[in-house]
Amino acid sequence: RENLTEPDIGVPSRTERKALEKAKILEREGERKLFRLVGRVLKKPEAERSEEEAAVLLLHRETVEELCKRQVRRNVLKRKQEELYDDADELKRKVKQLAVAIEQAKHLVVYTGAGISTAASIPDYRGPNGVWTQLQKGRTISLSDLSKAEPTLTHICIRMLHKEKLVKHVVSQNCDGLHLRSGLPRHALSELHGNMFIEVCTSCSPVSEYVRLFDVTERTSLHRHGTGRRCSHCSGELKDTIVHFGERGTLEQPLNWKGAAEAAEMADVILCLGSSLKVLKKYACLWCMNRPASKRPKLYIVNLQWTPKDDLAVLKIHGKCDDVMSLLMKELSVQIPVYDRAEDPIFSLATSLLLEEANSHTREVIAPHDGQEVCLPGSGEQAEEATAVQGGWFGRGYGKGRKKKKKAA
């Protein structure tokens with residue numbers, strides 16, 4: 001009979017395992033010291049290096065090559081993050097080219113990102129002062145209530161181009177609700193990452209929707225979408241519509257993935273405004289990549305920074321969205337109306353809070369005119385006291401990325 005107490009052959013003892021782990025730690029520490037040493041030498045001009053330092057570089061050629069590769073990658077990344085501007089003449093020439101493409105397009109679809117809302121004092125994500133950029137530098141971000149933002153000139157221009165039947169559909173990554181507030185019809189809009197003014201009851205069939213005059217995401221975050229309010233039909237928990245990083249959106253509205261996919265399938269021209277496209281590029285159905293290159297929609301991009309789709313674009317315009325759209329509307333002879341808050345569609349779409357929900361939020365409520373109070377439960381002292389926004393949708397997801405980086409380190 002086999003002796004059950006006999007130790008397994010080839011399995012290291014606890015002491016051996018600890019010794020092995022210690023050896024690995026010392027080896028990594030040695031590599032770090034070597035990289036620091038070689039890095040210091042490489043920073044010096046060649047003429048200022050001593051004989052000993054030159055010998056170090058000769059002895060550790062692999063480390064030198066690795067550090068040089070890292071520097072090249074850093075330089076490439078830095079160039080991609082730089083904001084470039086076309087000069088005035090170049091900008092006009094490019095906008096004329098874009099205007100011709102829009103007039104000739106049979107089915108133009110517009111993809112929008114955070115860059116079209118920066119003029120409304122909503123920061124973007126990857127720009128020099130963007131949310132991700134600031135957090136990567138270890139800086140804190142202070143955010144005011146985004147309900148105060150109003151549709152920008154670009155939002156109004158897009159709505160007018162749709163009204164003139166030049167734009168067929170708009171696909172947006174933004175959660176700020178400004179496309180809806182500009183007057184763009186909902187059937188022509190896909191808000192892929194949700195809308196901060198909309199909460200829904202998924203217990204109802206079909207899903208019940210509640211448009212509010214305030215940001216409903218105060219208590220929500222990644223995988224936690226309950227807003228603290230209840231459905232007036234079935235008393236089910238209401239949830240926000242935001243799709244955070246790491247989540248998959250399943251709601252029909254306001255995401256409208258069906259409309260986005262159908263529009264992309266029919267598109268002959270795609271205009272990208274103010275988006276880095278680092279997220280949108282992952283949605284294969286938006287780019288018709290299953291077709292030969294010659295049969296895909298023609299791509300036009302307006303963005304200050306590099307995007308991963310630049311090489312596929314017919315035209316890349318380096319300019320601020322409002323500046324480009326202003327010139328474009330002149331070329332197309334389309335008037336740009338001024339945004340009138342009193343006519344904002346959100347007031348006709350909004351659902352009042354129940355009396356028992358009067359204190360369910362502290363966010364500022366949108367009013368038809370400055371200084372005018374809205375007769376909706378939930379506004380009042382609490383809303384006035386709320387200045388800095390903690391929680392909610394804006395800037396969410398970055399922490400997840402940082403945890404992964406720390407784990408990898």
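Just so it is clear, glycine is given a Cβ too, placed from its N, Cα and C backbone atoms.
No curator has checked TrEMBL annotations; they are predicted automatically.
Noted in TrEMBL for the protein shown:
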COILED    74-108  coiled coil
DOMAIN    88-335  domain 'Deacetylase sirtuin-type'
ACT_SITE  His193  active site, proton acceptor
BINDING   Cys201, Cys204, Cys231, Cys234  Zn(2+) binding site
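Here the features listed in TrEMBL are placed on the structure.
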residue	record	Cβ contacts under 8 Å, 6 or more apart
His193	active site, proton acceptor	Ser172, Gln173, Asn174, Cys175, Ile242, Val243, Gly249, Leu255
Cys201	Zn(2+) binding site	Val207, Ser208, Tyr210, Cys231, His233, Cys234, Gly236, Glu237, Leu238, Lys239
Cys204	Zn(2+) binding site	Cys231, His233, Cys234, Gly236
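Fewest other C-beta atoms within 10 angstroms, among the binding-site residues Cys231, Cys234, are seen around Cys234. Across all of the coiled coil (74-108), the predicted model scores a mean pLDDT of 92. Same-chain neighbours of the Zn(2+) site beyond Cys201, Cys204, Cys231, Cys234, judged by a C-beta within 8 angstroms of the site's C-beta center, are, in sequence order, Thr202, Ser203, Val207, Ser208, Ser232, His233, Ser235, Gly236, Leu238.
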